[in-house]
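Taken from TrEMBL as is:
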type	residues	note
ACT_SITE	H175	active site, proton donor
ACT_SITE	E306	active site, proton acceptor
BINDING	H175, S176, Y177, D248	beta-D-galactose binding site
Amino acid sequence: MEITTKEVSNSWTKYDLTNDHGMKLSVLNYGGIITELLVPDQEGTLENVVLGYRNVEDYKKDPNYFGAIIGRVAGRIEGSSFTLKGQTYDLDANEGPNHLHGGANGFHQKIWDVTPFESENQIGLTLSLNVSKEEDEYPGNLDVTVTYTLTNENELVVDYQAESDETTVLTLTNHSYFNLSGNYKRTLHNHHLTFNSSRFVELDDKLIPTGKWLDVDDTPFDFREGKDLVEGMVTPHPQNKIAKDGFDHYFILEDGQVHVEEPTSGRTLDITTDQPGMVMYTSNNLDDSFLLAERSAEKYLGLCMETQSSPASLHHEGFPSIVLNGNEPYHKRTTFSFKTQ
């Protein structure tokens, strides 16, 4: 197992982690961004399975949030404001009138302190950040630690830990775009997904939750028996249309498991999480104006599975809460396990 470092841009450092089987994880201290993840296919060929830019400078002010740690709050906060314990907080409006992914000064724009580590059968990085309430307009001063662990079982384990000195709101995630075809050879159309979710959040035309849960029964949103993603890209369902012919929706995960297959490469990805749900996004806004490591981008080239709670809980009842009490530890884990079939 090996960890190497390289200065790539002013105060930016890239960390390359390689396990004993050649699986390789590359991470920037800027935004904690995962820029590359090399995983073997059924023939043993190592190829990249996450979208990343060819030019590292393109990660600055990246509108796609490729591979980044997202916080304080992943997702959209309606009207860029919320009320907590009787006090209203006004946040940066960085997507029209709404607040997206922690705002323009979110964790994806921060330089993180990084400490590499190695133990038996695993290596990793501990990324830490201290955020003051004056910095991002959220209540409370926050200490955050995100740990990336690469194992010899070809797993990437992401641990999120945090603590605030006063009651605040928090839900962290990673915004990697997966494509199991390898080096972006194919779009997502034949990626086959299975996960146990009986309901998802209805969105308005600004992609803001309406406060209503919809049943997946007899819709393209039913993945309980497994289906190809293309079935949600060529459908008249109004919720797919709102998302520009795809998915950009929060699903409750009833057992914390997601299974993804790409039959041509034979790669599979199993996600295990203790988060209550995930936002599934099929890169409906990508186009060829973005130059990636292997090629120009295009619509449906990457799949985000953002495990998290729901910021809709700030304005609606019945959603997984994102309130974190003062001096209460926050700890969430999501594991990405790669195999072949």
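Placed from the backbone N, Cα and C atoms, the Cβ positions cover glycine too.
What you are looking at is a predicted structure, and each value in this text was computed from that prediction instead of being measured.
Overlay of TrEMBL annotations on the structure.
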| residue | record | DSSP class |
| --- | --- | --- |
| H175 | active site, proton donor | coil |
| D248 | beta-D-galactose binding site | strand |
| E306 | active site, proton acceptor | strand |
If you measure every Cα to Cα distance among H175, S176, Y177, D248, the residues said to bind beta-D-galactose, what is the biggest one in Å? 14
When the number of other CB atoms within 10 A of each residue's CB is tallied over all shown chains, which of the recorded positions H175, Y177, D248, E306 has the maximum? Y177
Cβ-based neighbourhood (8 Å from the centroid) of the beta-D-galactose site, residues H175, S176, Y177, D248 excluded: N64, Y65, F66, F178, Y281, S283, G302, L303, C304, M305, E306
Quick check for the class: what is the C-alpha distance, in angstrom and rounded, between the residue listed as 'active site, proton acceptor' and S176 (beta-D-galactose binding site)? 8
Can you tell me the CA-to-CA distance separating the residue listed as 'active site, proton donor' and D248 (beta-D-galactose binding site), as a whole number of Å? 13
So if I measure Cβ to Cβ from S176 (beta-D-galactose binding site) and keep only same-chain residues at least 6 apart in sequence, which ones fall under 8 Å? I34, L37, V50, L51, F66, G67, C304
